[in-house]
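> Per TrEMBL, the features are:
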- 27-50: transmembrane segment (TRANSMEM)
- 43-291: domain 'G-protein coupled receptors family 1 profile' (DOMAIN)
- 62-80: transmembrane segment (TRANSMEM)
- 100-122: transmembrane segment (TRANSMEM)
- 134-156: transmembrane segment (TRANSMEM)
- 198-217: transmembrane segment (TRANSMEM)
- 238-262: transmembrane segment (TRANSMEM)
- 274-293: transmembrane segment (TRANSMEM)
Amino acid sequence: MGQENKSQIWVREFILLGLSSDWVTQVSLSVLILAMYVVTTVGNVLILALIRLDSRLHTPMYFFLSVLSFVDLCYSNSFAPQMLAHFLSAQKSIPFHSCVLQLYVSLALGGSEFFLLGAMAYDRYVAVCHPLHYIVIMHGGLCLGLAAGCLVAGFMNSLMETIITFRLPLCHNVINHFACEILAVLQLACVDISFNKIMVAISGFLLIMLPCSLVLFSYGRIVAAILRIRSTQGRRKAFGTCASHLTVVCMCFGAAIFTYLRPQSASSMEEEKMVALFYAVVAPMLNPLIYSLRNKEVMAALQKVSEKFRDKR
């Protein structure tokens, strides 16, 4: 123990190694990520504005989509601005408290998104399997309660994970990542981190597998209901209401399972950074594109709002 205590340091800031040490690569990545960040911001703000402005989108489905867009917007902003600043900086440092806040917020928003996707799957189940009682079941109080529960669950889990992570004694302050990601921060500890890894695995299992189970149950019932529809057009219409959500579910849960639920020995830090980059920057950009380009109601709302602006001119 005496030797361990001597090796501990008081950390005021962390150094992030980022994605690459090559200057040309960093400039190229900064341009690419800036473009994706702009698309993410514009896309999610546009989704939020359309749902707010068009009364036809004031339904439970689009309420949950607006919450998801808001979460994606905040999640992207917890990573992207700092990444862009670091790409063009020689010293990629982040203050201790900023690192704690980034880890807490990113974990909280990521966990909340999984639960939101589960709630959205339940919404689609009710819409397809109980269409006549949809408005009665998915009333405003239930939607608000589900959304609030998703956010509370995500933030409470993140608080626990953040506290037990940063209470560890640290031997150095160099993080082999582009952000303060929990698995990368744990590698700085001077002590055995088996307990923390177990907690991360349990947390990941609950955050991912519980919503995933709800998604599987909901879509199992949805598929069974669709198969009972006799007309091909009716089946296509029923499945069309779920296609966008199912695409986002596969993308988000796939990336999370790859990062947190597979054996650590089966992955390298470089692979984990690439998956984290996808989840932090690419997924929030794709979500509004998937929901808008594949959704006739959203495209109709966009056309309607565009016509209003043209008429005002």
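Every residue, even glycine, has its Cβ placed from backbone N, Cα and C.
Note that the structure is a prediction, hence the values are computed from the model and not measured.
Structural setting of the listed features?
With a threshold of 8 Å between CB atoms, the same-chain residues lying at least 6 positions outside the transmembrane segment (27-50) that come near it are 19-20, 57, 65-66, 69-70, 72-73, 76, 80-81, 83-84, 87-88, 281-282, 284-285, 287-289, 291-292, 298, 301-302, 305.
On the 0 to 100 pLDDT scale, the domain 'G-protein coupled receptors family 1 profile' (43-291) averages 86 in the predicted structure.
Outside the transmembrane segment (134-156) by six or more residues, the chain places 60, 63-64, 67, 107-116, 118-119, 122-123, 126-127, 207 with a CB less than 8 A from a CB of the stretch.
Same-chain residues lying 6 or more positions outside the transmembrane segment (274-293) and placing a CB less than 8 Å from one of its CB atoms are 19, 33, 36-37, 39-40, 43-44, 46-47, 65, 68-69, 72-73, 75-76, 79-80, 83, 106, 110, 177-179, 181, 244, 247-248, 251-252, 255-256, 258-259, 299, 302.
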> Please give the sequence-distant neighbours of the transmembrane segment (198-217): residues at least 6 beyond its ends with Cβ less than 8 Å from one of its Cβ atoms.
110-111, 114-115, 117-118, 121-122, 125, 154, 157, 160-161, 164, 182-183, 186, 249, 253, 256-257, 260-261
